[in-house]
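See structure below.
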Amino acid sequence: MVKAVVVLKGESYVHGTVCFTQESENAPVCITGEIKDMDADAKRGMHVHEFGDNTNGCTSAGPHYNPFKKHHGAPTDSERHVGDLGNIQTNSCGAAQLDFSDKIISLYGPHSIIGRSLVVHASTDDLGKGGNEESLKTGNAGARLACGVIGIST
């Protein structure tokens, strides 16, 4: 079993902690955690980005993690970036409780997300269905509110 964690923070007030657990190399990754101080009752895009570099804030995290050079999509789409985790839903207090799994990301092997960044965005991810070029790259998810480097944990 491999476990990883990321502490999210940024220039906004948004902050949180997200944990990743994968039982074996071919098992889905379980994603749990809480992200706070976002807009109430909103969907916000969340993605794994290519670089584990936050030296220039969340901007230096680079593009969505996309080793197979696919278009942006929903977590359930066959055409999606590895890093496409879709939207998180906030409650009336602006907090999102995370408890879901993903079959594409991995904590094992050459395409592991460990050492890369997790980014929470300011807008709803259109899941690649926005009908423009930016939708196919980013889902029009907007500015980067908070980010952190995904690190191996115990």
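Placement of Cβ uses the backbone N, Cα and C atoms for every residue, glycine included.
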Per Swiss-Prot, which of Cys30, Cys58 is disulfide-bonded to Cys147?
Cys58
10 Å Cα neighbourhood of Cys58 (disulfide bond): matching binding-site residues from His47, His72, His81, Asp84, Arg144
Arg144
Neighbouring C-beta atoms (10 Å sphere around the C-beta of His81 (Zn(2+) binding site))
28
Pop the Cα-Cα gap between His121 (Cu cation binding site) and His81 (Zn(2+) binding site) into the table, whole Å please.
16
Given the recorded positions His72, Asp84, Arg144, Cys147, which one's Cα is the least distant from that of His47 (Cu cation binding site)?
Asp84
So how many other Cβ atoms are close to His72 (Zn(2+) binding site), meaning within 10 Å of its Cβ?
29
Rounded to the nearest angstrom, how far is the Cα of Asp84 (Zn(2+) binding site) from the Cα of Arg144 (substrate binding site)?
15
